[in-house]
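Annotation source TrEMBL lists domain 'Formyl transferase N-terminal' at 2-173. TrEMBL lists 5, 6, 7 with the feature N(1)-(5-phospho-beta-D-ribosyl)glycinamide binding site. Sequence annotations record features per position, and here TrEMBL assigns (6R)-10-formyltetrahydrofolate binding site to 58, 100. Taken from TrEMBL, the feature active site, proton donor applies to 102. Here TrEMBL flags 138 as site 'Raises pKa of active site His'.
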């Protein structure tokens, strides 16, 4: 986790239903000052913080966060708002079972500014993507996408809020589907069930 915890709150609400199939077993963050940690603690979910600044380099941080996540033995790692890229250690340990979201219809507009870039390009429709994480930046196999029309008066903040309103339920839906049906990756294809 890196941020406000709205995706975490939605996942926690969903996991209360036994039919959902998924349980949040831990929340690991890269910063200690985020709302997501408070939400997790309030829900009785174990937490850990592994800050990049506590390590000499990114490779050491990557190995440490991989070890920390491994303690909780997750079947799936959900990067709900996590804003850092993982390196070789983490991907070697959890590759093929890391899910993330992106506020654009990949492969268009990858990277940290997908909403801004979509607006600048003048697209009439954008949206969000749920994907399996690989070693690239927003290049992993796509699980699901949802569209959001771009309104004439949209600015980056307004459009991003509308995308998040679609992105969050899409993430929750696909985490549940994966928990109930399993996930496998075959080349560029992510297959659930």
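Here the Cβ of each residue, glycine as well, is placed from N, Cα and C on the backbone.
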Task: Report the member of 7, 100 (the binding-site residues) whose C-beta atom has the most other C-beta atoms within 10 angstroms.
output: 7
- prompt: According to DSSP, does the residue listed as 'active site, proton donor' fall in a helix, a strand, or coil?
  reply: strand
Neighbours of the residue listed as 'active site, proton donor' among the recorded positions 5, 6, 7, 58, 138 (Cα to Cα, within 10 Å): 138
Query: Nearest to residue 5 (N(1)-(5-phospho-beta-D-ribosyl)glycinamide binding site) by Cα distance: which of the recorded positions 58, 100, 138 is it?
result: 100
Between residue 100 ((6R)-10-formyltetrahydrofolate binding site) and residue 138 (site 'Raises pKa of active site His'), the C-alpha gap once rounded to whole angstrom: 9
- request: Do me a favour and check the Cα-Cα span between residue 138 (site 'Raises pKa of active site His') and residue 7 (N(1)-(5-phospho-beta-D-ribosyl)glycinamide binding site); whole Å is fine.
  value: 18
Query: How many Å lie between the Cα of residue 58 ((6R)-10-formyltetrahydrofolate binding site) and the Cα of residue 6 (N(1)-(5-phospho-beta-D-ribosyl)glycinamide binding site)?
result: 27
